[in-house]
Amino acid sequence: MTLPLTPVWFVALPLLLAFASPLWVRLRLLMPLLVGTPAVLLLLALALLPEVRIAPLVETIVIAPPLGIHLQLDSASWILVALISFTGLLATAFIWLGDGESYLRDRRAFIFLLLLIAGCNGMVLTGDLFNLYVFLEISGVSAYALSALRRDAPALEAGLKYLLIGSVAAVFFLFAVVLVYLQIGQLNLAAIAEGFAGIPGPMQILIGLLMLVGLGIKAELFPFNFWVPDIYQGSHPVVAGLYSGFLVKAFLFVLFHLVFLLLADPGVAGAWLMGLGAATMLVAEVVALRQDDMRRMLAYSSLGQIGLIALALGFGAEATTAGGLFHMANHTLIKLVLFLTAAVLMRSFVSARLADLAGAGRARPLAAAFFVLGALAVMGLPPLNGFASKLWILKGFAEAGVFWPVALVLLAALIEAGYYFRWIKVLYEPRADLPEARAVERWGYAPIAVAAGLIVLLGVAPFLVDDLFIEGAQALLDRGAALSAVLGAGS
Amino acid sequence: MHAVVDSLAMIGVSYVMGFLFYGFYRQFNARVQRRWGPTIWQNLFDNMKFFFKSETLIHGPMFFFGPMIIMAGAFTTVLFVPFLKDSDWLQGFSQYGNLILIIYLLVVGPLGNALAVGSSGNPFGVMGVTRGLTRLMGLEVPFFLGLAMVMLQHETASVHAIMAAQDSLAHWGIVTNPIAFCVILLPFIGSQHGAPFDVVGAPVEVYAGPRVEFGGRLLGVLMTQRMMMSIAKLVLLVDLFLGGATNILVLIAKAFSLFLLTTVISMVFPRLKTEQAVDFFWKVPLGLGVLGVILTVWLPSWSA
Amino acid sequence: MLAFLNDPGVLHGIVVLGTLILFFIGLYGLLAKRHLLKVLIGIALMELSVYLLFIGLATSPGETAPILSDGLRSFTHMADPVPQALTLTAIVIGLAVLALGVSLAIQYHRLTGRADVASLTELKEPR
Amino acid sequence: MSAILRLLFLIVSLSPGLLLLAWDGSLSWTLIDGVRLSLTLTPLAGFFMVLLAVAAPLVALPMLRRPLDWSSLALYVPLVLGMELLLLAGDFISFFIGWEIMTWSSYLLLLRSPRADLETSQSYILFNLASAFLLLAGILFYYSLSGDFRIGPLAGTTFGQELILAVLLGLAFLIKVGTLPLHIWVPSSYDQAPDLFSAFLSGAISKMGVYGLILLLTLFPDALTSLAGRLLEGPAAGYLLAWIGVVTSVVATYKAIAQEDMKRLLAYSSIAQVGYITTAIGVGSSLALAGALYLALVHTLVKVLLFISVAGIVLQTGQRRFKDLGKLIERMPVSFFGVLIGIIGLAGMPPLPGFAAKYLIFVSLVDARWLLLLAAMILASTAAFIYCYKLIYGPFLGHANSPQAREAREAPLIYLVPQVILMALLVLFGFLPGLPVQVLIDPVLVALGMETIGGASWAELTTTYGGYDGVVLMLVFIIAFVLVTGIFLLLRGRMHRAGSPYDLSYAGEVPTEGTPLHYGAGMGRELHRIPLVGWILRRGTRGFYLGLAGQMRAAAALLGSLYVGRPQIWILIAVVVFAASLAAQSMLGGL
């Protein structure tokens, strides 16, 4: 029997494996499968890449669109899918190889991690609005559960808080879905896009705002992102790395995908999102200055980068969009390095607080070196990947002759340097009484090293991949092509 | 051979002139104060006496080399100042140098000596050096500004060319550029260690000054170089403002009249503290200089 | 007597009004109550109001259930089946979220003895 | 293994020199879509590459002293390579990449010092990154004007656009060279950096800002002669730059005099020297530019020499304050000569080449008729004598003031070799002041389309205002010195050395070991009593920047208070924002 290589596996495989988990426990295959699933998905994505670059793959489930449900893998969503699989691979490899906390290695963690991957893949791929809601809830529920996995008071608190705010977001989004259906009578995104202009103006605004609040909360945009630091701080750093690595990216992608697909003229909405992005970036970077918990600091830093990406995507020019997508990928790699390093440091020194980590760089030189690398990359210093994508974004703004985002981005980077370099300085603090470091599994460094290697590689040779992102940007921005791919050339 | 003889002649001339001028100064000073004062040769005798002292106390090698550096500096300075114009003699190596170089050569020696003072280990000596450098900092600004005005006027830094341009009394620097002369005059007195700017080496309540540790032959060396340096500076000013000199008698006459002028000014003012001196240099001569720059540089360029 | 309710406009108006009231009750519970379970119930109420709104507005008076059976052989005068299917799905999802929330709340209560939203203060900005 | 690594390290440190010898042609490739990197070696960059080629290996050599600090060696490699990239850059993106690599690797090197505190390291990196980001903003603006990242003259720009570009890039480079009031990061970081690395910071890294400044001026046609019109005989915009440079020099010189720590003194002196260079660039004539480049060369030689000598002193005594040292002249004679030659070069005294550089700058100021600037520059450059004297008196002369200073030994050979090389170079250029002009500076002037100033021979330095001959000057001085010393020794009488260091004419008292006889710490303190100097010394920018940091923290606290840990408030905010924007939209729509 041969299984056709289709995008549906991105959702189906993790779902199936997750629900069959009791079997894997018995067969002692839990860890290999946890790492193997994203690995297989990554291979699948790579295998599909040549086809995707020619034309978007539309996978129909049962009935053809616009009536049925379909998954659509184009150049833009491919980037996200590959990113999700790759991030999942590195994070799970860290859990396995790093011999980490037992609660990350049991069956529940296995289920929720795979569900999270399935949910995010589904969100990115689906061409159906209600399916989007379903996948949004799947990834949401698994994320709430992952946050609470440790089952001590902070973890449960994080899970509860996440659940409360996440449910509200879901309600808002559901409300928007309901209104859309009532107005258009369609759920297929392409069909909605065709009919959206026919909705009365005030209703468009209401739907838009409902979606903005719903997805804005999930995509961590200011002023809907006040929950983020608490949740990142309460969750295990690896889980937080997944949130920052692909969960929020998936939501952000969905948000902009909807904007560019539904609106014939995304200018106004784009300007709103640019404003929100700029506010997110600046506020988060400023607040990060006073953080003394590494996870919380990284959370704010992550917010800042999300704001930058929103700023870039909202502008809607090809160069900024390509740069924004590239920055998404780069930020994922960087935050993975930083959060996994934070996990190593936390395991070594039990605490993630600034005061307790003073001098840690001399006890854990490798971890500290990775932290420095990640910090340099996140600030956009060459020759690391953060620089390449930031340059691309800024170049896009400069080409268009718009300079206020350039000024804000550079200001934010300067503020960011203010706290990252404080952490670096403290990590290398000369201290007579070095903190006692608990042993960590050396293999745990392997996934970090892979990500770090990519950070350097993409920084030195971004021309290896820049075509992918240009095609992704074109796919994201070209509304007509997206519609005709689903509905046929005549529409 | 010519160069060697010429150099020796220059050194000799400046030596003799220096001691005679300062001998005159002592006597003149005494007469003004209604004393008889020493003979005009007294300085020369003192100097000879120092040179033939049999005992000299030193504080380490640098203490010995400092006076040698300052003496070599004095010789070099003298050799780079042209004494006469339109003559082959008493030129030294001045065609290889220029005005700015001479100004800087004037301070090479004192800095070399400062090393010796430092190595003596006497804090009062070092205090004197610091005072000297402070005074230098004060006087150099208006001094150099005045020189710059001269250089700008003649569009050259070569002393020869400046001298050559002053071919008649009407073209003397003091006539064509009186502001520059006024600006330079007081700092010049300061650079000659003259009153009222002579606190550096002067007796105060505890003896402090660069020479506090020196004695014997080393003190003789210091004395000699000071006389020669003074003459070098006098001749330089003669070259710049009084049209230079065509023969040695004119040179002595012009230098002496300039010396007399500075001596007279020195005598009527009470001594200033170092900080007061610096402040004075930065207010009066420098203010005059700024005014001069505005008048001679800015205004013509605006009206043009 | 209630015949005016057969007018779709009136009925839909009542549905909108009712569900909005329900929505705001839920929102009030979510924002003002301090017990975790009450807050969760507030969320459930909000979700419920959205379901009701969906079903209510997607159906007009006189439409029957979209099921073919004896005598009903064509899809005329039937309600649109999609909202109902969607609502069912949404209810299942909402239930899952609610269950997870309640279980977390119970665990939190067991661990700390507290069930107050305001007592979730372990994670906060540094002073 | 270790030997191979050390050899590799040395090869990297020599690579700027090798590059100079071996580089020909150019190299280019695409970084991302539309961004093409290209590397060439222009004569201007070649000049600064020479500085790097001198500084890099000479600083690297003493770094190989055991015990080796491998992290420092590893960080030195990207630093040198980044600077090479910066100099080879034919386009602004490679320039920026090199600039940033230089920035972060030098920061991490700074952290290797156990003395670096948080305030210093933060100010170092934040100022340098601010410089880098201003640079990037300027580059992007340049890109929007020219449509290309290649470095080349702009055409068809308005004055407003030129002004924006000049301000952005100019501020970036002025931060790097450390002019007032953007200098606050310099003294503390030069002071607290690892001792040898300070030499590199001052000798090589600060020169990159100078390179940038000159490069900036080449972007505008006629920038060097008449940007923003002419004032007297020079460019009006340059007049402003020149005053910035001179004020920097004056203030930094007085601050240097007031320092009680050798490295801080040298740091302020670096600021002052770079201030002169800035002034000369402002004048912009070929004489001035030659002076600027010459001074950059001399300053590199001198500061590397001085910082390495000081590093040797600190290594052997563990002391760095003037009041804790003294009388090392007999214990560390080579270092003494290093510092002696260094301060003669630093003070710009003839016959060493420092004078040649200052001479060119002075003449160019007279030539431009900017006499007030000249006066201010003379002020700084004469006041510099005081700190130069302090620098040699404090450690080497007077009385030994600490047990370590009494028992110190000469610095290790690996520290002395670079010092000797640098001393030899300085003396060589003293003999042949025209050598750097003809070999190094004239090609740059030709490339910039200016008149060359080289004379007939290497011994001469010529200008339209006259020049001087280094060989004659040096020979006269040396012969005079030999003659004087010889005659003195031939004279009758004998010398004998004082029996004890306390054998002094001490105002009639007899000093003992307990008497404070070292004047190292207090030297220059009396300058406070001069009104102008006192006014300068009482002022500083630290308070301003600390205040700025405080404001930033306050803003962080204020915005941080939005991030309350209470879900209900998050939801409330979301609902309120939703309602408010809905209301606003409907109002706008209704209106």
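Cβ atoms are placed via backbone N, Cα and C, with glycine included.
TrEMBL has this to say about the protein:
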TRANSMEM  A:30-49  transmembrane segment
TRANSMEM  A:77-97  transmembrane segment
TRANSMEM  A:109-126  transmembrane segment
DOMAIN    A:127-414  domain 'NADH:quinone oxidoreductase/Mrp antiporter transmembrane'
TRANSMEM  A:132-150  transmembrane segment
TRANSMEM  A:162-184  transmembrane segment
TRANSMEM  A:240-263  transmembrane segment
TRANSMEM  A:269-290  transmembrane segment
TRANSMEM  A:297-316  transmembrane segment
TRANSMEM  A:336-354  transmembrane segment
TRANSMEM  A:366-382  transmembrane segment
TRANSMEM  A:402-422  transmembrane segment
TRANSMEM  A:443-465  transmembrane segment
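The stretch with the most CB contacts under 8 Å to the transmembrane segment (A:269-290), chosen from A:30-49, A:162-184, A:240-263, A:402-422, is A:402-422. Counting Cβ pairs closer than 8 Å and at least 6 residues apart in sequence, the transmembrane segment (A:77-97) and the transmembrane segment (A:240-263) reach three or more and so form a contact. Through the fold, the transmembrane segment (A:443-465) approaches residues 90-91, 93-94, 97-100, 326, 329-330, 333-334, 336-337, 340-341, 344, 366-367, 370, 373-374, 377, 382-389, 392 of its own chain, all at least 6 residues removed from its boundaries and within a Cβ separation under 8 Å.
Through the fold, the transmembrane segment (A:366-382) approaches residues 301, 305, 330-331, 333-335, 337-338, 340-342, 344-345, 348, 360, 388-391, 413, 416-417, 420-421, 423-424, 427-428, 445, 448-449, 452, 455-456, 459 of its own chain, all at least 6 residues removed from its boundaries and within a Cβ separation under 8 Å.
Same-chain residues lying 6 or more positions outside the transmembrane segment (A:297-316) and placing a CB less than 8 Å from one of its CB atoms are 219-222, 225, 228-229, 231-233, 237, 240, 244, 248-249, 252, 256, 260, 266-267, 270-274, 276-282, 284-285, 287-288, 291, 323-325, 327-328, 331, 335, 338-339, 342, 378, 390, 393, 396-397, 400, 402, 405, 408-409, 412, 416, 419-420, 423, 476-477. Contact between the transmembrane segment (A:132-150) and the transmembrane segment (A:336-354) is absent: fewer than three CB pairs lie under 8 Å, with pairs separated by 6 or more positions in sequence. Long-range contacts of the transmembrane segment (A:336-354) within the same chain, counting only residues at least 6 positions beyond its ends with a Cβ under 8 Å from a Cβ of the stretch, are 87, 90-91, 94, 98, 100, 236-238, 240-241, 244-245, 292-295, 298, 301, 360, 363-364, 367, 370-371, 373-375, 377-378, 423, 426, 435-438, 440, 444-445, 447-448, 451-452, 455.
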